[in-house]
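Feature annotations, courtesy of Swiss-Prot:
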type	residues	note
REGION	1-121	region 'Disordered'
MOD_RES	Ser2	N-acetylserine
COMPBIAS	15-34	compositional bias 'Polar residues'
MOD_RES	Ser85	phosphoserine
MOD_RES	Ser89	phosphoserine
MOD_RES	Ser101	phosphoserine
MOD_RES	Tyr103	phosphotyrosine
MOD_RES	Arg109	omega-N-methylarginine
MOD_RES	Ser129	phosphoserine
MOTIF	178-206	motif 'Q motif'
BINDING	198-205, 222-229	ATP binding site
MOD_RES	Ser454	phosphoserine
REGION	578-625	region 'Disordered'
MOD_RES	Arg590	omega-N-methylarginine
MOD_RES	Ser592	phosphoserine
MOD_RES	Ser603	phosphoserine
COMPBIAS	603-620	compositional bias 'Low complexity'
MOD_RES	Arg630	omega-N-methylarginine
Amino acid sequence: MSHVVVKNDPELDQQLANLDLNSEKQSGGASTASKGRYIPPHLRNREASKGFHDKDSSGWSCSKDKDAYSSFGSRDSRGKPGYFSERGSGSRGRFDDRGRSDYDGIGNRERPGFGRFERSGHSRWCDKSVEDDWSKPLPPSERLEQELFSGGNTGINFEKYDDIPVEATGSNCPPHIENFSDIDMGEIIMGNIELTRYTRPTPVQKHAIPIIKGKRDLMACAQTGSGKTAAFLLPILSQIYTDGPGEALKAVKENGRYGRRKQYPISLVLAPTRELAVQIYEEARKFSYRSRVRPCVVYGGADIGQQIRDLERGCHLLVATPGRLVDMMERGKIGLDFCKYLVLDEADRMLDMGFEPQIRRIVEQDTMPPKGVRHTMMFSATFPKEIQMLARDFLDEYIFLAVGRVGSTSENITQKVVWVEDLDKRSFLLDILGATGSDSLTLVFVETKKGADSLEDFLYHEGYACTSIHGDRSQRDREEALHQFRSGKSPILVATAVAARGLDISNVRHVINFDLPSDIEEYVHRIGRTGRVGNLGLATSFFNEKNMNITKDLLDLLVEAKQEVPSWLENMAYEHHYKGGSRGRSKSNRFSGGFGARDYRQSSGSSSSGFGASRGSSSRSGGGGYGNSRGFGGGGYGGFYNSDGYGGNYNSQGVDWWGN
């Protein structure tokens, strides 16, 4: 670098001293339109059209620069540190793209519109076309298409699904559809359905889509893994594309500009856990591809500042856990004034986790439109009395939809119950894993966090590639574990109940209840991680004296699903019922045709099938007593797993799905 001292030319000093800023003569031949402006010497003889002062009415030098600053997180990152330059670039980083771009994107919220405006670099809020016709698709993005739809949709057992009974109750129930093309959902939705390779709607989708498109409130109870998420996302997004943003977009613009504004989502989806919220969000991304709708997700356990920055880019469909949403509302970042669609997913789980005060605060004590004005949907695998009472408060003239038996398990899941003492569980687990193919995903449930860490460490030292998740793990660690499991790098996942609900992990072949849960509903949700969306699966449960409280309900569930019942379980249930009294029985009786099994509006009272009836309703073979019949039989476990052991469970006819 040169350090030569430059002395001012006396003639130049004299010129500057005599400079008159208000003189037209100083313009150096510039256009008279610049009267009164000081023109730097190096620009004085240029054409007016090339002058730096050629600004638009807003004062920005060009549309590119204007757009670059009109949206936080745009692709133009001039003047920012290197870390911030990745925000909004559409990369698949986990939370903040700092050295973690290998992750598959769960929890990633750093995409401004998911590539919709990435070529032009401007925000949807500055594009006047967004106010015109939201039903028209935006230009495609090959990169984004590959990112969203490369997962595929394989192994669907639709033939089996067609036999599942459906019951819909309520006034003027719309007719169901047989194909997606039977109802007009618009060009964007139909194109995205094709990209996801959905060929036919599942039973819950056949009935729920026309109900929601008809703007009716819905309480739907369907088997776990039956396609509930798409059942509400497809019609809701279709309706948003048809109706446009309405007053919500206007409210955002009036509230503030350039990122400092409250967002007014048109649709709100509440979910009990972070994992389920992220899964719904990822599905929403797929079905909002090439649209002007921007989904967002907020949940606890993650950086709230990062989530706020994501919200500030725009939010039309919000997926949230109740606690974090209340926090966002109290911070003034979210307003529900224009929320047209409310979805409560896994509603029973939210009540079990104690979220009812937050849910009522969100729905009843804030600015959300009342029932009858908004459209409300509740989805879950079980609907006990408490949930149906909540539906009475939140839903208006709703339709009750039961797909399969309420609170039931899928017949696509072969259930095996084996007697294993606590000291023998680890060795028995090794026998099972040894008989399982190395490429099969196996989910092992335990009751405690320490138990999860201990079992993971044991399996690791036995040479198995495994990982674990539980409530004490950080959000990043949990997402990394799920990524390793989904990708098959660690085909064994040890989990506590935090992963039991809502996790949509395709191709899970085997669920093992290393520790059985204390209530039968948790059992239903755990084994529902396999056999999803018509695929075949296997569930194995280790049973001993500690699990006596669910004996009766477990027996009823196995009988109902036409599963093999060990004779020792029958004997224990009989003894427990007649000798042990009711003190040890589980709190649930909904697998016997009680309140939760049907629409309470049509039930005159809670009825229950007697123990003797359920016990005598099926014939089962097997040796008596506890001694020689606690395993899978003479062939051993490996023989069952490697044989075509699923077939026998699908030949039954006339299943009494409704508990009559």
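Glycine too: its Cβ is placed from the backbone N, Cα and C atoms.
DSSP gives Lys228 (ATP binding site) a helix state. When secondary structure is read from DSSP and collapsed to three states, Arg200 (ATP binding site) falls in the coil class. Take the CB of Ala222 (ATP binding site) and look out to 10 A: across all protein chains shown you find 26 other CB atoms. Between the binding-site residues Tyr198, Thr202, Ser226, Lys228, the minimum number of other C-beta atoms within 10 Å of a residue's C-beta occurs at Tyr198. Per-residue pLDDT, averaged across the motif 'Q motif' (178-206), gives 92.
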